[in-house]
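Colleague: Can you read through this structure? Questions will come right after.
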């Protein structure tokens, strides 16, 4: 019994011990690590001074402020060597001194830009300009001074460039200025070439374009100078004086001292993804203990950490059995992987995790900070979050919000209603947007001054303009009495809406809409009409969006009706003189036929679902087969129709039946008539289905006749919902007046035929007048960045003579009418005369009227009669000065006299004649008459440059109505009818707006002077600014989009910055009248939110901007939504240490990462950055914080290696992408002298080149490309006659971020039909000729060597010569992580030892460790091979991969045509984990039989893995149709043929289509070429070229030419174990590589220590106060969770 009891106790102890161990192993998910990861990113250029960056900030804001800053800076005494802090504080102080009271806010933005180093690339560009200028002048860095001292030219203070010589002696400058500038310079001279960013001293000659002394006729003098130097103090005043005299054009360029210190950058993030350890990928030598051998640290001893993993202490086991270290390490990794799997949440625990997370955020003391914390640390916090008791009411609120928020919208960021694109948002871009919006708001506020609330109320005021979108009786009769609309749904009858509220509740009608439920009513109260032009391919893009509205998860409370246009605007078929075009377009299906097929399917038993599926199929087949065509071909239509029948069946008989069906002819004709009558289509050229024009026009959408404004198709559902809520509120008065009721039969007709709109002076149009619907504004005043231009503009605008109705002197003059035009033109005078007449009659009420001359051609001096031009325009310019003696009647009289005889205007020879004709009491020699010419030129300049209005022969005049630009058409019958009809209607609309604005201004609490005159003047300015900034087609930036959020959306929480919160109780409200507010709709689990939230929070706290947040998490989850940790690096303040040295080191510090988790690090960087790690002790691909041992911080430093230039090229001759065009990027003023080359892709004409700050020259490469194409200077010119051919284009890289550029090329005469890519038959012929030539040379060499004598020494030389004469074999490979780099070294050794020919290795740089990049040059020297590191930035248009492994796979196949220089003819890809056993020359020379790719088929001989051969069954078997499925571990690419076939374009286009489905392309690098081998042919290599144990039997191993370590899905054995077991020579090669690495470590040790001291990079070790930072982080986060 006692034995049984003891045994039971023993079992219990074992059980408890194992349970405790299991609990301990699973605690990692909730236990925070005390260790952290510290990452920094530095520039590859040297530090730049903060005061120069500040000067560039000012130059960017206002050039006049820049020169004020320079003048003040020149007064500072720099004899003392000041600290960074003194320079910084002096710069900020100096900045404030040159700013006016209205622009002091700029100092805050300066401090932000200094912290972000925004202008450092610009300063670096100046540094490179100065260096290149010295090289250009053949000047060494060192010069001898007058006292025989040798100093560097940079340290001398500077020099002056005059023509082709430089002057360093101050005493010589005066003489040279008088003597050497006598002859005009050629601005193309590279010595004195100027750039757009240059600092040109402002004088009349270079600021007034109309000056008789053109800037190009003034000699250029460039001062290269250190602005702190004594040289600058002496030279600047001299050059300034000469410039003010108009003698020179003075350009100032900085001389910037070179620096070894690098910039610390920010505006990037990094994620830590939990690693999948199914297959062991950690190097067993990666966890190493440094030991000392002869005083040198060496990494050779594997040291397994002293820890328990699932009950085993592998550290102790290693000590007992050191010979089993490798196997112990493998088993340890296996258990670690199982441990990570055990921490996953169950499905039922995941369901409410989204709501629980939102609940935790809202309940936090600082919700915005909690939002950031949870989104960045979610994997660690998910367990705790899942245990929160669910708040059902919060869930209901979020569900209600999501009825409004489109399902495709995870995040939206608005600033004062401005929609901010968050996908590529950087802190620098967000700072620019905030500054722009701040300037807009404050400019409006300062006009009063006004409160920010008044400004926001004016901005948000909406005026619905309704159109009578109903058919006439005739149009109804044409369609058999039916309306010409195609209905998609019926809210009152369709089953899907059965649960909606059936009646309108009175409580809803008595208050504004506050809940989404308010409008979800089962009534057709809100009807949306969408006008679809079947001749416009955008139709096919919008229909899937419409489908989501009526069939998707987010039903929208509106009846949707489609109105079809099938009447083609394309006249090509009737254009008899363009037979080529006719034949080209005949293959395209007409819009009418497409509409008939759609309607045939819709009216069949397939209904909406079938019709929508048909459009989806059209989209798919079009993008698959004709992605670059803008039309639908017959084959695409046929494939789409067949797809419908195959997928859905249905009763539709055939495509031919649908095309010949006449049932819908009357419907389509009726709808065409309605569209034409109401002018619902834009008259501009649309994106036709039969032509290749590219103007994108969005389909028009109306809600109960009110047009919905939306910026793009993706935003339609959201913007439509906002319009539905607005319209619901608009209809409430109709219910109160019993016009509508719950029993109304036809809501739509009743609403559009009601007299309510006209009775209440609300705009109601009988047709969509484009002049009214297309809003465009100019500004009457603005916060211009050009102060001189602002002063000139206000001088003109404040000196205008306004005409008013004298009988109504008490009128408020709410409308300000300014006629701007060419008064030599009949129409300008005609409209002006009629406006004056109607003003005098009292027809134009509450209006004031004035005129500004704006000639069509300012340089035209004389008219057709040979007399002085623009006499009337010049007279009008000076009318203000005679306002007391002029009346409207006098001016009317003048216009009438001129109009009575139009030829009289050309007969005037002097101003005196027109004054006499006018009867004005003005002396001909009056001073203002004498000044009329200059004033006339000034007013014209203001119109063109400030107001943005150009007079042309087609549009000789424009009328500004409170800033709104109206351009009368030349086709009007007469001026009176135009003004009484269209123009009068527009004035009525603008008057309604003005009255609302007047009320708001009158009630403003800040505005003191509220007299009619003051408010009238204020209103005119405010209306123009609001329209210009917010409501119209913004002239500042047409890409700016604005969005309104319905009031019914519930705000989850509001964030008030600390400054605002602390001062909220202050009595002084004015000081906190912040004109800005963020609104953020955010899904906490979206990857964009991980960087967006910290960015918004940082700017909010820095600039005191409040933030409203609407949380938008998924309401139900089935898997973990975020599996990565994330850290974003942003710091908007500059800090200094105790020595007053700039200590602004933006760092990405990741804390709270479980120590036992294996994570992989991936950078999240801007699209135009290429970076590389330069310091990393540990494997960043396999990070486990426990492996740090005693170290607390894992440090990594990356470097910004290149700034990428991305562009889109267009062949203007054919309007297509010039695919295959070769481009060169040559450095002019940059750090590097290396030329970059690339080819243009067919995909969007995309090209990519690497650069750095400086100036580059983009050219077409010599050869076939330059023989065919020329570069064009003006990419927007469409007329070939205006093309300006240029030899190159200058590219200036002076910012951290580069936007997409455009490049236009045109074909040379006679080259219109010649293909850019050499045809394959030409290529084959050329190849044969080269082969024959080579054979001749080889045979000649053989006979000459046969009779030559040799000795041992010459034998060696000959052997080397023989090898060098052979073709270089180019080997490409990729690797990531220390294990695969170890494999890579072994692969390289196996290649070098077995291949006789010269070898050049190409490695993908992106993921190589710093250690490997330091090692590879030494290995290349030792083993005699070449190598090069290559990279390519993922293009913006190509669907991105997010998982690192899939990104690496992508690089193996997607960019082969552009990854390597154009002179590389062929590459062989060899996997890193492969060993080569043969001479690769055999594979290099192998005939690919016309294919561009050679791959080895998968082995079929190992029957154990038969069940894993997926390509033998199902989809793959059917798709391959007897072709082989190939393995991607080894392949050869004929790059020349590959490019000739545009194979890269086909691979990318197919990838982009297939990758839409996340379940496709599971093995991306392998599946893609195999899938596409029908089009990009693959030559199957003999089987022996690749052997791997997983798929091949053992008998075939002896023939293997390469052996690959394929993963085995049966055993999942780690690769290291397989390598030792399978490959006999692997251990020998591994040891050789290790021994060589040890040898290199020892030889470099002392030299490396010395270099580390000399060139120490910032952040190469943990910063001194890292403990303080971590402590502060822990303290700040303690209350977040």
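The backbone N, Cα and C atoms fix where each Cβ goes, glycine too.
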Colleague: So one of 953, 1233 should carry the feature N-linked glycosylation site according to Swiss-Prot; which one?
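Modeller: Going through 953, 1233 one by one, Swiss-Prot annotates 1233 as N-linked glycosylation site.
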Colleague: Look up region 'Disordered' in Swiss-Prot and report which of 566-586, 587-607, 608-628 it refers to.
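Modeller: So the range that Swiss-Prot calls region 'Disordered' is 566-586.
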Colleague: Sort out for me which one of 81, 174, 391, 1233 has the most neighbouring CB atoms within 10 A, since those are the glycosylation sites we care about.
Modeller: 391
Colleague: Measuring Cα to Cα, tell me the gap between residue 81 (N-linked glycosylation site) and residue 174 (N-linked glycosylation site) in whole angstrom.
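Modeller: Each residue's Cα considered, residue 81 (N-linked glycosylation site) and residue 174 (N-linked glycosylation site) end up 31 Å apart.
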Colleague: Determine, to the nearest whole angstrom, how far the Cα atom of residue 391 (N-linked glycosylation site) is from the Cα atom of residue 1233 (N-linked glycosylation site).
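Modeller: So the alpha carbons of residue 391 (N-linked glycosylation site) and residue 1233 (N-linked glycosylation site) sit roughly 64 Å from each other.
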Colleague: Does DSSP give residue 174 (N-linked glycosylation site) helix, strand or coil?
Modeller: helix
